[in-house]
Amino acid sequence: MMAASLTRRTLWKHYKLFYRKSVSFVSVSANHTSENGNKKTKEDIRTTHFGFETVAEKEKEDRVHEVFQNVATRYDMMNDAMSVGIHRLWKDYFMSKLSPLPGTELIDVAGGTGDIAFRFLKYVESQQQSAKPEDKYNMSRSIESSSDSGSSSTNSDSASGDEGVSETHTSSESHVTVCDINQSMLDVGKMRAKENGIYHGISWLKGNAECLPVKDNTFDAYTIAFGIRNCTHIDKVVSEAYRVLRPGGHFMCLEFSQIHYPFLQRLYDAYSFQVIPVLGQVLARDWKSYQYLVESIRQFPDQEDFKDLIKSAGFCNVTYENLTFGVAAIHSGFKL
């Protein structure tokens with residue numbers, strides 16, 4: 001047990017060094033011949049991590065895509081396994097911390113199955129229903145005024161030729177754009193929306209979190225839950241969040257994190273590495289995907305390092321809050 005603990009600490013120590021450098025290079029032999037007859041003997045390949053493996057960046061993108069292609073229809077079960085069933089409570093609390101007002105325009109990135117989006121719509125609806133009568137009247141007049149003046153905005157719901165559900169909405173209506181790079185995840189989200197009778201206030205966008213197909217200063221809030229650790233360049237994801245937010249916009253990230261209590265960390269490690277992959281095999285016949293997801297948690301920066309990364313993207317008032325002793329954490333920042 002002690003040897004295993006030392007091994008994990010060593011891996012994390014090396015990873016933090018790796019992460020600060022952002023990307024490493026490995027040299028491989030190549031025998032490409034240029035037009036003038038000169039031979040290139042080395043070719044640099046950009047590498048990153050896929051779980052505990054070191055792989056080429058393009059290979060990671062392909063393998064992460066395959067993982068979520070495999071788990072899309074069992075995404076809730078996967079989160080239940082990863083969080084011992086309490087991810088739903090975390091997401092509810094996450095939304096209460098965001099505390100969106102009616103009229104908020106949100107982009108939820110890596111949110112294909114709609115977990116955060118549906119909570120957002122439910123939250124703003126409850127806010128609207130609990131508003132005082134005079135507030136409802138003023139809100140109604142504001143919407144009518146916006147409609148009469150023809151003031152509206154349209155969120156694109158497709159990228160790279162993929163279908164979406166187009167929707168035009170006034171500036172006084174709440175709206176969430178669900179963005180995900182994986183079409184299978186988006187398809188599950190659309191199916192769930194249809195099953196729950198959700199047709200308004202939501203649109204679906206296929207896009208890469210590192211290069212969002214969205215104009216600058218578009219959204220009031222940006223959320224990403226349990227998705228950022230799977231991205232190749234976390235710094236680019238956070239920079240993109242800053243770009244698409246309006247001044248005053250709120251960035252919030254919910255992600256598995258690092259437990260700083262040694263005894264609890266050992267217990268969680270034992271559960272993560274010895275139980276979760278077995279559950280993946282038994283319930284989904286997919287050991288490898290669940291093993292990767294566990295390893296990806298250990299590779300993600302700890303709370304303080306990620307806080308610094310968010311600050312470096314330009315966000316202000318950056319904070320984090322640990323959930324369940326640090327099994328997960330909510331990170332928050334504002335674009336001023």
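Cβ atoms are placed via backbone N, Cα and C, with glycine included.
Where the annotation comes from TrEMBL, it is an automatic prediction and has not been curated.
Taken from TrEMBL, the feature S-adenosyl-L-methionine binding site applies to THR113, ASP180, ASN208, ALA209. Under the heading region 'Disordered', TrEMBL lists 131-175. Here TrEMBL flags 140-159 as compositional bias 'Low complexity'.
Ranking the binding-site residues THR113, ASN208 by other CB atoms within 10 A of the CB puts ASN208 at the bottom. For ASP180 (S-adenosyl-L-methionine binding site), the same-chain residues that are 6 or more apart in sequence and have a Cβ closer than 8 Å to its Cβ are VAL109, ALA110, GLY111, GLY112, LEU186, GLY189, LEU205, LYS206, GLY207. Summarising the S-adenosyl-L-methionine site geometry, the residues cited as binding it (THR113, ASP180, ASN208, ALA209) extend over a maximum Cα to Cα distance of 16 Å. DSSP assigns ASN208 (S-adenosyl-L-methionine binding site) to a strand in the three-state reduction.
Within 10 Å of the C-beta of ALA209 (S-adenosyl-L-methionine binding site) we count 23 further C-beta atoms, all protein chains included.
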